[in-house]
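Dropping a structure here in structure tokens format, bear with me for questions.
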């Protein structure tokens, strides 16, 4: 029989080896996490949620402001109301699509990272897998360019509301100046092209415009459009991170799939 001290030493050695093996396994698993894709997914979900949620509410508030103060006849802004309603339905589709696309890209990031780092044995990949990775690279580039346009488009209502808000600030600063009456300072929404030129009244001046700026609809819509624009910018950044991650993984997979990759490097 073995002495008690030798048995205890063997047990301690086995426990330390098990702990070491568990630690190495954890490090190996953490090495397979696509951190770039993970950060991009979180940023993409946050940006799309801000853009869709805030944009939807801001569009509703914009219609309410137009109907109450700039276009009292329903036929004058009927087309605009239909377009805004269509945009709200498009927002639902964008939110659903990017929720699924973000999950798919994250899963593809796990697959390519594990394959590149050879975490599960010898490097193995198929032509179908490389083709799917290439398809995600192309699709992400297309979506990135499209979201640049969405980001630019989302800045338009921010610009319009900023012009109205700055005009209201000018009216407030001129209230103490008798030589420059505030009634002569106006904002004509018709010049932006969102309602026709025959819309009545089409513009607001002086105290009426100041009252519009003090309404909750204007305050909420203005700030929600700013947040929606920021969300679109965050989505663009997320797609840029996706582009870099997917392009790098695809390039490494393409290179390592060649039989002479070691001699060509």
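The backbone N, Cα and C atoms fix where each Cβ goes, and this holds for glycine too.
The transmembrane segment feature in TrEMBL is assigned to 38-66, 86-111, 132-156, 224-248.
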For the transmembrane segment (224-248), could you work out the same-chain residues 6 or more beyond its ends whose Cβ comes under 8 Å from its Cβ atoms?
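That would be 34, 36-37, 39-41, 43-44, 46-52, 54-55, 57-58, 61, 98, 105, 108-109, 112, 133, 136-137, 140-141, 143-144, 147-148, 150-151, 154-155, 157-158, 161.
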Using a Cβ cut-off of under 8 Å, list the residues of the same chain at least 6 residues beyond the transmembrane segment (38-66) that approach it.
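Beyond its ends, the transmembrane segment (38-66) has Cβ neighbours at 77, 80-81, 84, 87-88, 91-92, 94-95, 98-99, 102-103, 105-106, 109, 150, 154, 157, 189, 194-195, 212, 215, 217-218, 220-221, 224-225, 227-228, 230-239, 241-242, 245.
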Using Cβ atoms and a strict cutoff of less than 8 Å, what residues sit near the transmembrane segment (86-111) while being 6 or more residues removed from its termini?
32-34, 36-38, 40-41, 44-45, 48-49, 51-52, 55-56, 59-60, 129, 132-133, 136, 140, 143, 235, 242, 245-246, 249
